[in-house]
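Undergrad: Pasting a structure below so you can have a look.
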Number of protein chains: 2
Amino acid sequence: MTQVRFALAQMDTCVGDLDGNADRVLDFARRAAAGGAQVVAFPEMTLTGYPIEDLALRATFRRAAWQTASELATRLAGDGLADLFVVVGTIGTDHETGKPRNRMIVLHDGVVWAGYDKHFLPNYGVFDEFRIFSAGDKSVVLEMAGIRVGVAICEDIWQDGGPVADLAAKDIDVLLTINGSPYEEGKTHVRRDLAGRRAAEVGAPLVYVNQVGGQDDLVFDGGSFVVDADGTLLERSPMFMEDLSFFDYDSDLPKQVPGTIAADPDPDEEVYTACVLGLKDYMAKNGFTKGVCLGLSGGIDSALVAAMAADALGGGDRVYGISMPSMYSSDGSKDDAADLARNLGAHYDVQPIEPLFVAFQKQLDLDGVAAENLQARIRGVIVMAYSNSKGLLALATGNKSELACGYSTIYGDAVGGYAPIKDLLKTRVWQLARWRNRAAADGVGIGGLKIVGNEGGWKGQPVDGDVIPVNSIVKPPSAELRPGQKDSDSLPEYDLLDQVLEAYIEHAHGRADLLADGFDPDTVDTVMRLVDRAEWKRRQYPLGPKVTALAFGRDRRLPITSMFRE
Amino acid sequence: MTQVRFALAQMDTCVGDLDGNADRVLDFARRAAAGGAQVVAFPEMTLTGYPIEDLALRATFRRAAWQTASELATRLAGDGLADLFVVVGTIGTDHETGKPRNRMIVLHDGVVWAGYDKHFLPNYGVFDEFRIFSAGDKSVVLEMAGIRVGVAICEDIWQDGGPVADLAAKDIDVLLTINGSPYEEGKTHVRRDLAGRRAAEVGAPLVYVNQVGGQDDLVFDGGSFVVDADGTLLERSPMFMEDLSFFDYDSDLPKQVPGTIAADPDPDEEVYTACVLGLKDYMAKNGFTKGVCLGLSGGIDSALVAAMAADALGGGDRVYGISMPSMYSSDGSKDDAADLARNLGAHYDVQPIEPLFVAFQKQLDLDGVAAENLQARIRGVIVMAYSNSKGLLALATGNKSELACGYSTIYGDAVGGYAPIKDLLKTRVWQLARWRNRAAADGVGIGGLKIVGNEGGWKGQPVDGDVIPVNSIVKPPSAELRPGQKDSDSLPEYDLLDQVLEAYIEHAHGRADLLADGFDPDTVDTVMRLVDRAEWKRRQYPLGPKVTALAFGRDRRLPITSMFRE
C-alpha cells in the first residue's frame with residue numbers, strides 16, 4: 001500500500017518578480033510539508049510569472065530565472081525540505097535552437113531533479129506562446145514518493161494526442177497538470193469536464209493546479225481541483241484567492257476518497273469578484289499604494305467601479321471620488337454621487353467644470369460634438385491632476401457596450417490606467433450593481449471578498465438603504481453633455497444592443513448571420529456602423545480585466561485601417 | 001526559343017477593401033497587357049490587403065474574398081485579358097481544418113486557374129501569421145506562357161528548406177515570389193542578398209514583387225526587383241510608390257539582360273519618405289481628407305512633423321499648426337513656430353494657455369510635475385478641439401527617445417491619432433531636419449516625394465533661408481514647462497542616450513551587456529530606470545509608422561506588470 005499526500009499550492013505569482021515568487025514558493029513548500037505533503041505543485045511558470053510575453057526573448061531574464069531555480073533548490077534543502085518534491089513552472093532553453101521553453105521542473109534533494117517541457121503552445125485569443133516558445137516533444141513519468149506521476153502543462157490537456165495520449169500507455173498512478181488558465185465566464189465546468197475526460201483517458205486521478213490573481217488584463221481564477229478517473233470531483237480549491245489544499249492518493253483504492261470541495265459561486269458574485277481581484281492585483285503589483293481616483297457622475301458605471309475599488313482596497317478611505325458637474329448635470333445626479341461616496345466611506349470632492357468650460361469656449365467657441373467632448377476632456381484633465389498630485393491610479397469607468405460603440409470621449413472619460421468594467425456589457429453592469437446592493441456587508445464572499453458599506457458607512461454612520469443609490473440603477477442612462485441628452489438618442493436600447501454586440505463580437509456573426517439571428521436590419525446596420533466607427537480608436541483604450549471569451553484589446557486584433565464591412 | 005514578359009505590379013493595397021483592390025488589379029492588368037506582358041504579378045494578399053490580423057478569422061470576410069476573386073477572373077476575361085496570367089494574393093481556406101490560408105492564386109482564362117498556399121508563417125516581430133493561418137505543404141510549378149515558373153510567398157524564401165528546396169530539384173525557369181515585406185532601415189540589401197542566394201539555389205532568376213504603402217503602423221517600401229541566378233540585379237522598381245515594371249525572360253540566354261534599375265536612395269531621404277508615406281496612406285485609407293492639426297512649439301519634433309505633413313498633403317493648406325505658448329515659452333520658440341508655419345504655407349493659430357492654466361489652478365492648486373502635466377494636457381484638449389471641430393487628424397509629435405524614457409505627458413503632448421516620428425530617435429530627428437532643409441523644392445525625390453517650401457513658401461512668398469528654422473535645430477531641447485527647463489536636466493545628453501536606447505531596445509542588451517558595450521554604470525542605470533518607468537504607459541500611445549527592426553508598440557510585447565530588472 002502506498003499513500004501520497006499532494007499539496008495544491010494555488011499561488012498568485014507576479015511576472016518578472018523572480019525573487020518574490022521564489023520566496024513565496026519556499027513559504028508554501030514549508031506549509032505543505034508541515035501539512036504532511038510529499039509532493040507540492042504550483043501553477044504554470046511559477047517563478048517567472050505568467051504570461052511573460054516577449055520578456056521570454058531576453059537572455060538576461062532566462063539566465064536570471066535559471067539562477068533563481070538553482071538557488072531555490074538549495075534553499076529548500078537548507079530548510080530541511082530536501083525530501084519534498086516541489087513542482088514549479090519556469091522558463092527553460094531549448095539547447096538545440098536556443099529558443100525559450102515553457103518548463104516544469106521538480107526541485108528535490110537540493111537540485112533541479114527533473115524537467116518537462118510543454119508540448120502544445122496555445123496561439124489564439126490572449127495566448128501567444130507559439131510566438132515565444134519552442135515545443136517540447138518528450139512525455140515524462142516521474143517516480144515520486146513511490147508512485148508514478150505523469151505530467152502535463154495547461155494546454156497539453158486541452159489538445160487531443162501529445163503527452164496525455166502517450167501517458168495513457170504508461171500505467172501512471174496520477175496525472176499532474178500545472179496551469180495558467182485565465183478566468184472566463186462559464187469556463188469552470190468546461191475545464192472540469194475536460195479534466196474528467198483526460199483522467200479517464202489515462203485511467204488515473206488528475207490533479208489540476210491553477211494560477212490565481214490579476215496580471216495586466218487577465219485574471220486567473222484559481223479553483224484548482226482533483227478529479228478521479230471516473231469523473232468524480234475529489235477536491236476543489238476556492239476561486240480568486242491563494243490557497244493550499246491537499247489530496248491524499250491511496251494506491252490500494254480503486255476509487256479515491258473525496259475531500260474538501262468548494263461550492264460553485266453565484267454567477268454575478270463570480271464576475272464581480274474577478275473584476276475586484278483584477279483591480280486589486282494591478283494596484284498591488286504596480287505599486288499603486290495610495291489608492292484610486294475616478295469621476296463620480298451619479299451614473300451606474302462610475303458607481304459600480306467605485307464600489308469595486310472600495311472592495312479591492314478594503315474600504316473607501318483610499319478611494320477619491322470627484323464629482324465634476326456641468327451646467328447640464330441634474331441635481332439628482334449630484335445627489336446620487338454624493339450618497340454613493342458617503343455610503344462607501346470614500347473621499348468626495350466637487351469640481352465644477354463650468355468655469356473651465358467657459359474659459360476654453362472664450363478661446364475656442366466650439367459647438368456640437370466638439371463642445372460635448374470638451375466637457376469630457378476637462379474632466380479627464382481633472383482626474384489626471386488628482387492622479388499626478390496624489391499618486392493615485394486613475395480609473396476609467398467605461399463599460400463594454402459604450403466602448404464597443406465608441407460612445408465615449410477619447411482623452412476624456414476614457415482616461416485612466418485601469419478600466420475595471422471594460423469587459424462588462426451595460427446590462428451586466430446593472431445586474432452586478434443590484435447584486436452588490438444585495439450582498440451582505442458582514443459576510444465574506446468568494447475569494448475572501450469583503451463588501452464595503454451597508455453596515456459601517458461613512459465615518460461610522462450606518463447606511464440607510466442601498467449602497468449604490470437605486471436612482472443610479474433605474475434612471476435612463478445619460479452622458480449629460482447637453483440638455484435632456486439620453487444614451488438612447490444615439491444607441492439602441494441596451495437590452496437589444498447588448499444582444500447584438502454579444503452576437504457580433506463574441507460569436508463573430510457577420511451581417512447575414514445577425515439577420516438570421518432574428519435582429520431587424522435597421523438595428524444590425526446601426527450597431528455595425530457604430531462598432532466600425534469605434535474600431536479605429538481601439539488601441540488607445542486603457543487596460544482592464546478580461547472576463548469573457550473575446551474581450552476588447554489585444555485579443556481582438558483587427559486592423560485599424562480596414563475597409564471591410566460584413 | 002521562349003520569351004516571356006513579366007510585369008511587376010507594385011500596388012498599394014488597402015486592408016479589407018476587396019472591391020477597391022480588385023478594381024486596381026484590373027487596372028494594373030490592363031496596363032501590363034498593353035505593355036506586352038504575358039504574366040503580371042501582384043504583392044502578397046493583394047485582394048484582402050495585408051496584414052489582415054484577426055479579420056482572417058471572420059467567415060464573412062473569407063466568403064467575400066472568394067467571391068471577389070471569382071468575379072475578378074470573369075471581369076478580366078470580359079476585358080479580353082483571358083490569356084494573361086494574373087498572379088494575386090488572397091485568403092483561402094484549408095478544407096480539412098477550416099482554417100484560413102495565405103494563398104496565391106492565378107486568374108487565367110476566366111477562372112481561378114491555379115493556387116499555392118504559403119508554407120512558412122512568420123510569427124515574430126510584427127508578424128502574427130501562425131496565429132491566424134494554417135500552413136500549406138505543397139510546392140507548385142506553374143506552366144505559364146511556355147515556361148516553368150516555381151512560386152513562393154514572402155517568408156517561404158526567408159527560411160531554409162520548404163518550397164524553395166523542393167523547387168531546386170524541379171528544373172524551373174523562373175522563381176516568382178509575391179511579398180508583403182515591411183520597410184526597415186537597411187533591409188534592402190538583406191532582401192537582395194537573400195534573393196540572390198535563393199536564385200542560385202534554384203538555378204533560375206528570381207522575380208520579387210513587393211507591396212508598397214502604409215497600413216496602420218507598417219510601411220511597405222516596394223522596391224520590387226529581379227535577380228539572376230548568379231546574383232546580378234536585373235531590374236529594380238522604385239521605393240515608396242506604386243509602379244509597373246517589366247522583366248523579359250529569354251530561355252535561350254544563360255544570363256538574362258538587365259533592364260531598368262532604380263538607384264539606392266540616400267539613407268535620410270529613405271527614412272523621411274517612409275514616414276511621409278506612412279502618414280499619407282493612413283490619412284487616405286481612413287478618410288481624413290480635411291487635413292491634420294498639431295501643436296507647434298518651436299521645437300524640432302513638431303517642426304519635422306509639420307514638414308512631413310505638408311509633404312504628405314502636397315502643401316501646407318491642409319496643415320493646421322497651433323502655437324500654445326505658456327508663461328514659460330520663450331519668444332524665440334514662438335518666432336520659430338511662426339516662421340515654420342509661414343515657410344510651409346500652413347495655417348497658424350496662437351492659443352495661449354495661460355488663462356486656461358490659471359482657471360484650472362484656481363480650482364486645483366497643483367505644483368511640481370502635476371502642474372507641468374497640466375500645461376501639456378490643456379494643450380492636448382486644444383489640439384483635440386481642433387481635430388473634432390474641423391475633422392482633422394491630430395498628430396502626436398513625440399520621438400522614440402522621449403517615448404522610450406516616458407519624457408512626455410500621457411493625454412497631453414501624447415494625444416493624437418498618428419505619431420509620424422514615434423520610431424525615430426532624437427538624434428535621427430535632427431539629421432532628418434537638416435536633410436529636409438537641404439532637399440531642393442523643385443526636385444522630385446524617391447517615392448515621388450515633393451518637398452514643400454523653400455521655393456514657393458507661404459502665399460507665394462519665397463522663403464529666405466531654411467524651411468525649418470535653424471534655431472529649432474541647434475537650440476538645446478526644452479519642454480518649457482518651468483523656467484529654464486532643459487531636457488538634459490532629466491535625461492542624459494541625446495547623443496549618449498540614443499546609443500544606450502539602441503543597444504537596450506533594438507539589440508535587447510541587458511545591464512551586463514550594456515556595461516560590456518562600454519557605457520558607464522550611472523548612465524546605464526539611469527536609462528534603464530527611465531525605460532522601466534515608461535514601459536507601463538506603452539499601450540496607450542498612438543499609432544505610427546515602423547521604421548526600425550524593433551519599434552515600440554505591438555512588436556515590443558512586454559508585460560505591463562513586471563518586476564524584472566535586468
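A Cβ is built for glycine as well, from the same backbone N, Cα and C atoms used for every other residue.
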Undergrad: Look at the ATP binding annotation in TrEMBL, where A:G295, A:L296, A:S297, A:G298, A:G299, A:I300, A:D301, A:S302 are given, and name the residue from A:T188, A:T232, A:T397 listed for that site too.
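TA: Same ATP site in TrEMBL: A:T397.
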Undergrad: Do the recorded positions A:K118, A:Y124, A:C154, A:S181, A:G299, A:N373 include any whose Cβ comes within less than 8 Å of a Cβ in chain B, and which?
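TA: It is A:Y124, A:N373, listed by sequence.
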Undergrad: Determine which residues of this chain, when A:G295, A:L296, A:S297, A:G298, A:G299, A:I300, A:D301, A:S302, A:T397 are set aside, have a Cβ within 8 Å of the centroid of the ATP site's Cβ atoms, and list them as they appear in the sequence.
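TA: The surrounding set, listed in chain order, is A:L294, A:A303, A:V305, A:A306, A:A337, A:S472.
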Undergrad: At the level of the C-alpha atoms, what whole-angstrom distance separates A:G295 (ATP binding site) and A:K187 (L-glutamine binding site)?
TA: 33
Undergrad: Whole number in angstrom, please: the longest C-alpha to C-alpha distance across A:Y124, A:S181, A:K187 for L-glutamine.
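TA: Greatest Cα separation within the listed binding residues comes to 16 Å.
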Undergrad: Other than A:Y124, A:S181, A:K187, which residues of the chain come within 8 Å of the L-glutamine site, judged by Cβ distance to the Cβ centroid of those residues?
TA: A:P122, A:G125, A:F127, A:W158, A:P182, A:E184
Undergrad: Counting other Cβ atoms within 10 Å of each Cβ, which of the recorded positions A:K118, A:K187 scores lowest?
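TA: Minimum Cβ neighbour count within 10 Å, taken over the recorded positions A:K118, A:K187, occurs at A:K187.
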Undergrad: Sequence order is fine: just name those binding-site residues in A:S297, A:D301, A:N373, A:T397 with a Cα within 10 angstroms of A:S181 (L-glutamine binding site).
TA: none
Undergrad: Restricting the comparison to the recorded positions A:K118, A:K187, A:D301, A:E402, which residue's C-alpha is spatially nearest the C-alpha of A:E44 (active site, proton acceptor)?
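TA: It is A:K118, whose Cα lies nearest.
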Undergrad: Rounded to a whole angstrom, what is the C-alpha distance between A:S297 (ATP binding site) and A:N373 (deamido-NAD(+) binding site)?
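TA: Here the two Cα atoms are 15 Å apart.
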Undergrad: Report, in whole Å, the straight Cα-to-Cα distance of A:K118 (active site, for glutaminase activity) from A:Y124 (L-glutamine binding site).
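TA: Just about 16 Å between their Cα atoms.
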Undergrad: Spatially speaking, which of the recorded positions A:K118, A:C154, A:K187 is closest to A:E402 (deamido-NAD(+) binding site)? Use C-alpha to C-alpha, please.
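TA: It is A:K187, whose Cα lies nearest.
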Undergrad: Please identify, among the recorded positions A:C154, A:D301, A:N373, the one with the smallest Cα-Cα distance to A:K187 (L-glutamine binding site).
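TA: Its closest listed neighbour, by Cα, is A:C154.
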